[in-house]
């Protein structure tokens, strides 16, 4: 650092002899830290002896140095600790099978009873004139019931993840998340409702070759109005559930999506039935009402788009989140076509009662699992990264259901809820029918087989899909649940129709469900 003559220069202070060392050499001007010992090496690498002056100024410097070293030690310890903790999930995901089951059980039963009520409503309204003469309304049923999976469950999963990772802790963050997400789902509900009506018209026209412009406008107005109002009501309920669950110390992932489904099916089906029935009554005397209703809700779109664009949390979803909801709507509409073709067939009596139940239960369970896996991955990094928590892209069934990690544990718990849950729901339907429903052992066996197979397939697909999306820099909260719930509708309706067909072939007609 200095030549030999400079090293011999010294001055006397308080009786101690020190080499002349400029103060700016003791500290780094840009970092404010003490220089390293290597800075006191001579040109040949020989160490230079430095005698420390025991003065008030130097004592202060020593104290400052000790403080810096202590802070640095604490910082290093903190860094080491955080590095060691990195792959581990945060505390909300450290749950036992019992705690998972306990938290999921009540919302699951609540959601199941909601689907039972929806099935009872569908069993009643299928005899209304609007369902008899505008049969394409049946195609709308799975599409609009699936809309709560496409929007409300996605909203619940998105807000649950935000709450778990601390993005809703302050009132300002909370308000920003609420306004942006509410505006976003109104945009999505209006657009998807309109597209669902077009799909219903097309699927209804292809087999029969019959097209009615009045019925097409009726379907459009009913679908858009139902989707808008249902999303508004359910979105507000979801926000309240997530905020309340966080304050009560409950993981929102376990309760938000089932509660969204519990009221979602019933509210959506009741709105669709009531709105379509009212508009059908006005079809002959006031034909202008249907186009006005459709135009009114579409005219509100620019307002919701502006609000959603101003929010950074929803801006990306507004631009890129259309693919899953539109494809999911198309998949659900295929399930609606199956329902439309079977509900009026005497050999498939009871399809209207059980379709919302089997589809709703499967969708609820897989939505819980997808939301949990997504939150687990978000706690370890960002989409596109390859943390140790997301190593597999095509898991084996054994790793999905029998590995020791928390997501496999939750998959086992959710799968074990299928049989007892459906038994309760079947008994409830049988009791509410007041003797009009006879459940035989062979019917229960076929029904349970279809329900178990549906949930087994969905949980495996969820494990693969969420990790696959994560590895491709896609946020599973926004993309996975729409696909999964739509597949649940299609698989559930198809397996249920197959079960009823087999029961008809073997002559088990004591299951006169819905007569």
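Glycine is treated like the rest: Cβ placed from N, Cα and C.
Between the listed ranges 378-398, 441-461, TrEMBL ties the annotation transmembrane segment to 441-461. Among the ranges 159-181, 182-204, the one that TrEMBL lists as transmembrane segment is 182-204. Each of 182-204, 319-339, 411-429 was scored by its Cβ pairs under 8 Å to the transmembrane segment (216-243), and the highest score goes to 182-204. Remark: the transmembrane segment (104-124) makes no contact with the transmembrane segment (481-506), by the rule of 3 or more CB pairs under 8 A.
Listed stretches 319-339, 411-429, 481-506 were compared with the transmembrane segment (441-461); the greatest number of C-beta pairs under 8 angstroms is found for 481-506. Same-chain residues lying 6 or more positions outside the transmembrane segment (411-429) and placing a CB less than 8 Å from one of its CB atoms are 97, 100-101, 104-105, 108-109, 112-113, 115-116, 119-120, 353-354, 357-358, 361, 365, 368-369, 400-402, 437, 439, 444, 447-448, 451-452, 455-456, 459, 463, 513.
With a cut-off of 8 Å between Cβ atoms, the residues of this chain six or more beyond the transmembrane segment (481-506) that come close are 142, 145-146, 149-150, 153-154, 157, 257, 324-325, 327-329, 331-332, 334-335, 338-339, 342, 347-348, 350-351, 354-355, 358-359, 362-363, 366-367, 370-371, 442-443, 446-447, 449-451, 453-454, 457-458, 461-462, 465.
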